[in-house]
Amino acid sequence: MKIHEYQGKQILKKFGVTVPRGIHCTTVEDAVKAAETLGGKVWVVKAQIHAGGRGKGGGVKVATSLEKVREYAGQILGMQLVTHQTGPEGQKVRHLLIEEGADIKHEYYVAALTDRATQSVAIMASYEGGMDIEEVAHKTPEKIVKVFVNPLVGLTDEQALTLAKGMGMNEASIPQCIETLKSLYTCYMETDASLAEINPLIHEGDGTVKALDAKFNFDSNALYRQPEIVAMRDLDEEDPDEVEASQFDLAYISLDGNIGCLVNGAGLAMATMDTIKLFGAEPANFLDVGGGATTEKVTEAFKIMLKNPKVKGILVNIFGGIMKCDTIAEGVVAAAKLTHLSVPLVVRMKGTNEDLGKKILKDSGLPIISADSMAEAATKIVAAVK
């Protein structure tokens, strides 16, 4: 789960990280009032969407007058903001953050994240802030310093000092930087985040260390114990089909292809998508119905897939372990009838009650194409949609 920058800064502030004063707005008039309330001579008008690269896309503007605040707020609110993370369609801007200006002397990068390679929490820092860390890692990896944290001990002063010096932090700002890094780690752990990123972290002319941006990803499996985080969820920022799928406990992700996929198990789902691509087509989605699929879940899965006008065919690939093939077959038949299925449907199933499942499909009277292997299934659905 993701949240907006202004929400992320609220969380950081709660854990002791210094952030600029800012006010969340949803209208142009509120933006102007926010600037008046903040005072000063410089304000930053920032689009709030769940994507990075907002500045390059025109979603972050520095205003030096209230008239400019009004102008920029009017330009940004309601725009389709396109960044390298949104795709070509962009995301509609519904929220703004009006923030006081900062006396930036240098921009750094810091993040706490789950490092899958070492199965531990890593704290990363770099002198090269304010830009894509992936680009820094690719071109100048020596500019990134990383430490791994023992969760029984936490981020130590020694580790935080190593990070602060390794990232080239201004000498006078190192003590506050150490506290900021320790607060970031505590925040990451206590909110069940999988990523807590500040890019940029700055030091000002007087040495103050501030977080000028905040990006969080949270572990969806831990949200049951994070009600305050759940309350920050903005469904307008999420794919409506993915939101609907989550209500039926379906793991669904929209893609750009034309072959819908319904599979049980994430690994098999990824292998199915790879096989479709191998045979020259593109999957329209990732869809894992899990091990406890019911007729209702399968029907909803079909409905969600068929909402996508790009879907020209559906491939169902099931391994019957806990999930029995006959249960899936009954769900597929019911779903095909309820949705008045009009695109080719290929079903491949192996495992528990496989023969019974195939009989249910055959006796349904529906034009369902059967396959015995994943390669055969992919071949048949690719041929059917051409």
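Residue positions begin at 1 at the first shown residue.
Note that Cβ sites are derived from N, Cα and C of the backbone, with glycine treated the same way.
Just one of LYS41, LYS46 is listed by Swiss-Prot for the same ATP site as GLY53, ARG54, GLY55, GLU99, ALA102, GLU107, and that one is LYS46. Annotated substrate-binding residues in Swiss-Prot are GLY321, ILE322, MET323, and among ASN221, ASN258, ASN264 the one listed with them is ASN264.
On the 0 to 100 pLDDT scale, the domain 'ATP-grasp' (9-244) averages 94 in this prediction.
Less than 8 angstroms from the CB of GLY55 (ATP binding site) sits no same-chain residue that is six or more residues away. Neighbour counts were taken as the number of other C-beta atoms within 10 angstroms of each residue's C-beta; across the binding-site residues LYS46, ARG54, the minimum falls on ARG54.
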